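**Q** Please read through the structure below; I'll follow up with questions.
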Amino acid sequence: MTKTPLTIEEPIFSHLPVLPQEVITGLVVRPGGRYLDVTVGGGGHSRLILEAAPDVKLTAVDQDGDALTAAKQELAEFGEQVKFVRSNFAAYDFPSTSFDGVLADLGVSSYHLDTPERGFSFRHQASLDMRMDQRQSLSAADVINDWDEVELANIFFKYGEERLSRRIARRIVEKRPFHTTTELAEAIASSVPPKYRYGRIHPATRVFQALRIVVNDELKSLETFIEKAPKALVPGGRIAIISFHSLEDRLVKHGLRNSPLLKVLTKKPIIATDDEIANNPRSRSAKLRIAEKQAETGDEDN
């Protein structure tokens, strides 16, 4: 009997912000406070911050023009309380000691996964794009079709934690060029043993994660953000970061801990309750870490 490979293991994404109460509690949103959401997306967390206390001011940042358009619509009622900025959070010009709280939600939005032309998911046939900021030039197609076999194997292993990285890279080089997400996913599936091919998750899952990380320089951007963001906090201000896979969480954990400006408040990451996971499956893999700007540390220190 012929088996049909399982589709990618993805939560059924919704527009609900993950860990909503935990974020608001962790940031200690106060009346008249100034907050920075560097991954505004559709505006879910930003709305919660704006509604948590009166006279809150919020700067909403995103590198994706489509996300900013959606956020402007979602947050229109707050008028001049919200300032919108299109920027990658690593490139954002953080003003010194300006915010009571900074939030980053590192998850890929349902919009990106469910919009075929963006090329983030192989559930849909689409061009190999994966650019969060469509103003940039490097796409997933460039990586897959132009990088050599060793480079591909290395990124699949490093950023996708894919143990069959060499085998998959060899097949990709043999079969390329690739033009669509589904073509690539099929080639990956055909390169692995049947037990792996019909496993719990689609064999292309980790490769697609690695490609997305490389195309958007996600981990380097995260490192830069964690280095720069604390300087933008007032003494006693807090930074909250939500990650969704182990590579991100490791960087967040060590980045917050190693910052001379911060005191980590979460010994272990905050995770979703069973009730939240039932209502919002995307929250299943979310991990929230929070740190506070040290009052006695000057902003001139690195």
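Glycine is no exception: its Cβ is also placed from the backbone N, Cα and C atoms.
Annotated S-adenosyl-L-methionine binding site per Swiss-Prot: Gly43, Gly44, His45, Asp62, Phe89, Asp105, His112, in sequence order. The region 'Disordered' annotation in Swiss-Prot covers 276-302.
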**Q** Using DSSP, would you call Gly44 (S-adenosyl-L-methionine binding site) helix, strand or coil?
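**A** The three-state answer is helix.
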**Q** Which three-state DSSP class does Asp105 (S-adenosyl-L-methionine binding site) fall into?
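**A** Strand, per DSSP.
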**Q** Tell me which residues of the chain lie with their Cβ under 8 angstroms from that of Gly43 (S-adenosyl-L-methionine binding site), as long as they are six or more apart in sequence?
**A** Ala60, Ala70, Ala71, Glu74, Leu75
**Q** Check the binding-site residues Asp62, Asp105 for other C-beta atoms within 10 angstroms of each C-beta and report the one with the most.
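**A** Compared across Asp62, Asp105, the most Cβ atoms within 10 Å surround Asp62.
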